[in-house]
Amino acid sequence: MSDAWLVLADGTAYRGRAAGAPGRADGEVVFNTSMTGYQEMLTDPSYAGQLLVLTYPLIGNYGIDERVEESARIQPTGLIVRQATDQPSHLRSHQTLREYLEARGVVAIDGVDTRAVTRRIRRHGVMLGTITTDETPEQALARVRDLPGYDDINWVDSVTTPRVYDWSVPLGEGRYRVALLDGGVKRNIMRLLERRGCSVRVFPAGTPAADILALHPDGVCLSPGPGDPRLLDSMVREVRQLIGRVPVFGICLGHQVAARALGAGTFKLPFGHRGGNHPVKDLVSGHVTITAQNHGYAVDPDGLDASAFVSHINLNDGTVEGIASRTDPLMTIQYHSEACPGPLDNEYIFDRFIEMMAAVKGGVR
Ligand SMILES: NC(=O)CC[C@H](N)C(=O)O
């Protein structure tokens, strides 16, 4: 097995072995603490432009099954693990992790002390880095120093659907017609809506509000997605047109965009929230749930319109985890109610969206 290096922008270099395709992969180095769900994480579009470090040490042990993919391709630019196994064991597995990465041309490294990488990122914040199988660490570092900043790139443009499509059934066949603005959607969001009687039409992130309202949907779902929400001014303007006219449900990036549309700001967290055990308190019910998360930015509620309020907070660091409106059918959450991977405790959020649409449909507001 050939050598590979992980080189961070601060000059730290970790030697390991190639665990996927040969070559070079650049990105913002982020870590996720989930113990399972590597395939769901690998296909989550919110990892576009990032190198994903998995803190759980043994990865690949239950193999690969296309049916659990959250999108059609591997989204992070590369993968960093402590130990990738070539001997998976699972009834549905048809490939090893290495074969999967190689077949899709994705560079990966194993044999890295991922605990050390994670501690470095926790202390110094996320930074750019590269995985390389054909350079010295010095050559790689020179290249990393020339990379464009992760926060300066509109990553949504690279993952949003290029065309409108209906998920599983044509719009109108379900009990509720949901328009979904795709900033980098995960399939389980559509599956959970479908299971609750919704037909879902998926739109490119840049779709004007007027085109969506013309279809008279029962509700609009704003999906998760990669990158800095400050770059999404035009989406924010369109979402402002939707709020108050149709029930709106924002998840993660969708939450950030809706919050901006209501006057709030966003800022970058030092090393983000990525994992399956983040405690969130619902300030309305007082209930605490354990949530799946994957985000690097958070909402600054300063400036939030008086019609809106912070509905959920993170119990680790007190950051905003959801907003709601006093006057309009609007709810948003910063975490991943769709899990995949992660705890299933938060699917009730989808029931709330259904109730919100039902109330508006039935004229009860
Ligand atoms: N999963 C997401 O939607 C992530 C939202 C946003 N790109 C962030 O990193 O904060």
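A Cβ is built for glycine as well, from the same backbone N, Cα and C atoms used for every other residue.
TrEMBL lists G225, G227, L253, Q256, N294, G296, Y297 as L-glutamine-binding residues, and of the candidates S2, S34, S46 the one it assigns to that same site is S46. Nearest by CA distance to G296 (L-glutamine binding site), out of the active-site residues C252, H336, E338, is C252.
The two recorded residues, N294 (L-glutamine binding site) and C252 (active site, nucleophile), have Cα atoms 8 Å apart. Put simply, H336 (active site) is 7 Å from C252 (active site, nucleophile) when counted between their Cα atoms.
Nearest by CA distance to E338 (active site), out of the binding-site residues G227, L253, Y297, is L253.
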